[in-house]
Amino acid sequence: MSTSDSIVSSQTKQSSWRKSDTTWTLGLFGTAIGAGVLFFPIRAGFGGLIPILLMLVLAYPIAFYCHRALARLCLSGSNPSGNITETVEEHFGKTGGVVITFLYFFAICPLLWIYGVTITNTFMTFWENQLGFAPLNRGFVALFLLLLMAFVIWFGKDLMVKVMSYLVWPFIASLVLISLSLIPYWNSAVIDQVDLGSLSLTGHDGILITVWLGISIMVFSFNFSPIVSSFVVSKREEYEKDFGRDFTERKCSQIISRASMLMVAVVMFFAFSCLFTLSPANMAEAKAQNIPVLSYLANHFASMTGTKTTFAITLEYAASIIALVAIFKSFFGHYLGTLEGLNGLILKFGYKGDKTKVSLGKLNTISMIFIMGSTWVVAYANPNILDLIEAMGAPIIASLLCLLPMYAIRKAPSLAKYRGRLDNVFVTVIGLLTILNIVYKLF
């Protein structure tokens, strides 16, 4: 074999799929699978079989194209080790950096409020329905749970991060196991309700409106945007020097594609399994009760008449416990991002960016009081979680995940090669439809 053949063979071997690529595929997948997934079956199943089938068709394109667009933006910076904030500042100046800081903070903070409401409702449902105790005061329950989490965060942050990383895979395995375990309880109610003669495309409960609102919950549930910047930096440092930026972009796209396929397979199977076990009417009731689908499933099995099997009893309690663990995991993960973002905003605008004027401990205390205080107020008010996702959480995520990369592709010279593509139109439409939910909710 010649020297040139040896070099080509070596480069091919080095550039093939690596263990680190598998690790990142699973990492992106694990980041997206959180408490938001527990609300997707409710919105997806709310309109019956046909809307959820249409969402199944849209799920992978939404997950893949939107995250690939964000990854391309992160890849466009001149510094291989630069994160998304540095890249946006490079393209749009300091103002762009401030905008991205605000977007990151306001994309994550409402999620904490959502999880505050969710964990309060889930705990109270478990307390009353599974444990059979008398109802507790809502304000007290919310305060107790938030103080408990604040205590864990304040005194055990490092331990918390380790526990979170260990909980990702048991939670995903639990979702798959529950999806499979529900198969014996599947029924034809959702199919029997399909009446092609009375189907409506428009109107409040029409297919188009249901799918439109479903897009928001898909953007929310199929979201690993918080980790995309770190992922791209890691891949650029690993591949770009030896194989170039174009190869790195293709590798990132390949990893995002595989992560998206895994994510869609698990979440959609879970959603279909829940829908075939329950019914669209049950999903509407779960939305009205403002609880995640696992809590509703637990109550559903608790209300079964006749002799319940050991499996049904186990599933009743396991569903609630898994829901609580999932929400705790998601809350802790998003708290760290919110804390970092709020600390940055306070430092930038309160202390003019001078880190010597304030200690990290003081910053953390100020931020924690605001975060936990605002979360308690929202948890006590108990707004509808799906409405909160559709009106706040998803639109802000869409502005970061969909519209910011599309604007950058249009304006930044280093992204000019991606202009004029159909997938750009798709990502833009998804972003605009998600943001327009705010208008729909107002009227």
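Using N, Cα and C of the backbone, Cβ positions are placed for all residues, glycine too.
Note that the structure is predicted; figures quoted are calculated from it, not measured.
What Swiss-Prot lists as transmembrane segment is 22-42, 44-64, 97-117, 140-160, 163-183, 207-227, 261-281, 311-331, 366-386, 389-409, 423-443.
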Do at least three C-beta pairs under 8 angstroms join the transmembrane segment (44-64) to the transmembrane segment (261-281), pairs 6 or more apart in sequence?
yes
Examine the transmembrane segment (311-331) against the transmembrane segment (207-227) and state whether at least 3 Cβ pairs sit under 8 A, considering only residue pairs 6 or more apart.
no
Excluding the flanking five residues on each side, which residues at least 6 beyond the ends of the transmembrane segment (140-160) place their CB within less than 8 Å of a CB in that stretch?
116, 119-120, 123-124, 127, 328, 331-332, 335-336, 368, 372, 375-376, 379-380
With Cβ distances under 8 Å as the criterion, find the stretch in 97-117, 163-183, 261-281, 366-386, 423-443 that has the most pairs with the transmembrane segment (207-227).
423-443
Do the transmembrane segment (389-409) and the transmembrane segment (163-183) come together with 3 or more C-beta pairs under 8 Å, pairs six or more apart in sequence?
no
Near the transmembrane segment (366-386) in space but 6 or more residues beyond its ends, with Cβ under 8 Å, are 39, 42-43, 109, 112-114, 116-121, 138-139, 142-143, 146-147, 150, 153-154, 217, 287, 290, 335, 338-339, 342-343, 346
Counting only residues 6+ away from its ends, which parts of the chain sit with a Cβ under 8 Å from the transmembrane segment (163-183)?
29-30, 33-34, 37, 266, 269-270, 273-274, 276-277, 294, 297, 311, 315, 318-319, 322, 325-326, 329, 332-333
Grab the same-chain neighbours of the transmembrane segment (22-42) for me: Cβ-Cβ under 8 Å, and only residues 6 or more beyond its ends, written as numbers and ranges.
63, 67, 111, 115, 118, 168-169, 171-172, 175, 217-218, 220-224, 226-228, 231, 234-235, 255-256, 258-259, 262-263, 266-267, 270-271, 274-275, 283, 286-287, 292-294, 296, 323, 326-327, 329-331, 333, 385-386, 389
